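This report concerns only the one structure given below.
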Amino acid sequence: MELRHCRIHISPVLGIRLIILAGIGSCVFVSSFSSEEALHNSNVEPNAAHCPETYISKSYFKKHAYLLDPDFQDFMAHELHTGSCEALQDKLNLVPRLSILHQHLIGEGSHRRLSSSIRFKSLPESLPEVPAHFCEAIIIERLPSGVFADPFELQHLLQRGVFADAAVFGDINLELPSFRSNRSIVEIHLDIGPNILSGHKNEVEINIELPLHARYPPLGKRGFSAVQFGLPDLFLRCSIEGKSHNESCLFMSTHGGAESQVVAAVWEVPCGIKEHEGVVSVITFITAIVSALLIVLTSIHYSDITDCNHLKQS
Amino acid sequence: MEVRYTDVDYLVFSDAASLMASGKSPYQRSTYRYSPLIAFLLIPNSIIHHSWGKFIFSASDLLVGLLIHTILKLRGVPQSISTYCAMVWLVNPFTFTIGTRGNCEPVVCAMVLWIIVCLMNGNLLQAAVWYGLVVHLRIYPIIYALPIILVLDPLYFQSGKKPAVIDWSSSRIKSAFKSSSTKGGDPHHTWVSLTRLVTVRRLMFGLVSGAVFFCCTGFFFYLYGWEFLHEALLYHLTRTDPRHNFSIIFYHIYLQYEHEFSALEKLISFLPQIIVQLVLIFRFAQDLPFCFFVQTLAFVAFNKVITAQYFVWFFCLLPLILPWCSMKLKWKGLACNFLWMGAQTHWLIWGYLLEFKGKHVFIQLWLASLFFLAVNTFVLISIIRHHTYSPVFKRLERVGSKKTS
């Protein structure tokens, strides 16, 4: 049979050209690259246009490397700047209340949604003298070890308008098991609406569903690891329009009262059983070795097999 | 339940590409573990259309089909058989969804096949450049280094002469393994080849491909530092993922994860892989496409982490060996096919119960992965047993030497 040489005409140095082109492109695009931004475990803020004070949690992680509940509570009690709203200064004893009604997990398996229902209760009497203002609820979920939120998933929710703003702080490595990772915080901002403090609405109920994912938990004995959630920290931030500048106030809701009746969610995550260790290791390696040996023996005796096949064909 | 068609990897590529477009490092996107070249290729995602990358990958998918056809025609396979073999790739629902879902593997597959074409046409410089580039993009093609070096024998590649490709029809008539003039699979011949390993062409191939690899790696290291080196290169070399995947070793890794693996443990876990690779190379190197196929299938089967996208690595090579396979589709071929798909489906069922239903099925999932390895081994052995060994190249006559039979 005549051999036909089929040729595809591709430039002989197309590969080199591609590399050079990519290199030039990288140089152009990297001109403003800063190494400070390219780190793991960095805080991910989908909306980079906001000023740093936007996120309460970011201030915490500026001073602390890891999320520890006592440190965060201390931070909220002593270091959080509540801002100054002169218009409301005399009325601070009539602070609007945010409280959590219930918290539970929706879904099955390793990917679920944390559903929280939050009630905003306005003041019994309106404050008509309060200038125009806009309030947002800030919900801070201190995620337990073993659970994480995907910042890019939150970004998609932001783009769809589910939240006004959202960010993840702390350990955002999506792949590590829980015993090799640290905790993280999800901070969600939701618009309550304009002039809520001088309006006639008594109560506003907000429902949020936060998509979460379980990490591989530490090994256990019973095959499941319980991940216990805590109640979120709730804040109300109001921006009041002023003559020369806008003022911003931060109201903190403390846990207690009706919230003490709320049962925090518990996530049962399947885990490996330590007793399996020896048997699994031995059988895994035996299987690998046996499979490898079979392939090796077949390859070594390949010529015998080929002769048999040709004998059968003839 | 909302099930996305687009692969998560495509979102990772797109995010990395948009970071690159705004002058930042693509590695700011967590889980982006590829060369910056991939992100660079997808920069038009944020400029032209977000599906630009999918078009590139799908076009690569079609290119793979064309290259399969080209390689088979170069080996003298009849037009009809070449077309059917190309269709095995093109109409395979697994492979065309890979590209349309936004996975970059078709690009790598196209490059690997193009390297084979270049070798068959005697374009060693081009083959070396593309080989260095493909190893930079995806490390796994490094396993092809030794068979390529072995096939660059002075008996086949001589100055001023194009390598002569053995015709398909002649390779099927003879008992190619024993009567082949090259005796490529003969261990003695392989030993003789090894002793004459250092030749100009081999050195040139190694130097050029190595230079391309190190230039790319060095350049991007200069731009993106250790993060690039760790994410794009070292991560893949040292990766031990405790999360469930097709590999038999995932549960062992999870159970042992709380304490570091010793060097001995790492070596032992790598031993089956290295032994299988070396034996396959030294037996089948001269039948280059077949060697690539069996190497890749074994590499994936014994890898510490196996995800579905890795199957594409040998799917693109399967059509290249079919004309030399005596296994009839009915019923051995179909049996192997259904057995392999069945083992995969079996694993996926347990994986679904673990991940999406939260059932404790680690043992069942691990047993399913053992079964999957057993099936992969069976399929590989069956393919070897039914393959008609056919070296790609035949010995060229030296100028002034006598003709050898």
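Each residue, glycine too, has its Cβ placed from N, Cα and C.
The annotation transmembrane segment is assigned in TrEMBL to B:111-133 (among others).
Per TrEMBL, the feature transmembrane segment maps to B:139-157 (among others).
Residues annotated as transmembrane segment in TrEMBL: B:203-224 (among others).
What TrEMBL lists as transmembrane segment is B:297-322 (among others). Sequence-distant contacts of the transmembrane segment (B:297-322) (same chain, at least 6 residues past either end, Cβ-Cβ under 8 Å): 9, 64, 68, 71-72, 81, 84-86, 88-89, 92, 94-95, 98, 103, 105-106, 108-109, 112-113, 116, 140, 143, 239-241, 245-247, 249-250, 253, 269, 272-273, 276-277, 280, 289-290, 344, 373, 376-377, 379-380, 383, 387.
Here TrEMBL flags B:334-353 (among others) as transmembrane segment.
Long-range Cβ contacts of the transmembrane segment (B:365-384) within its own chain (Cβ-Cβ under 8 Å, at least 6 residues beyond either end) map to 244, 246-248, 250-251, 293-294, 297-298, 300-302, 321, 325, 327, 332, 336, 339-340, 342-344, 346-347, 349-351, 354. TrEMBL lists B:365-384 (among others) with the feature transmembrane segment.
Long-range Cβ contacts of the transmembrane segment (B:334-353) within its own chain (Cβ-Cβ under 8 Å, at least 6 residues beyond either end) map to 244, 246, 308, 327, 359, 361, 364-365, 368-369, 371-372, 374-376, 378-379, 382-383. Within the chain, the transmembrane segment (B:139-157) has long-range Cβ neighbours (under 8 A, six or more residues past its boundaries) at 108, 112, 115, 119, 122, 124, 127, 131, 163-164, 182, 190, 193, 196-197, 199, 201-202, 205-206, 209, 233, 236-237, 277, 281, 284-286, 288, 291-292, 295-296, 299, 313, 392-396.
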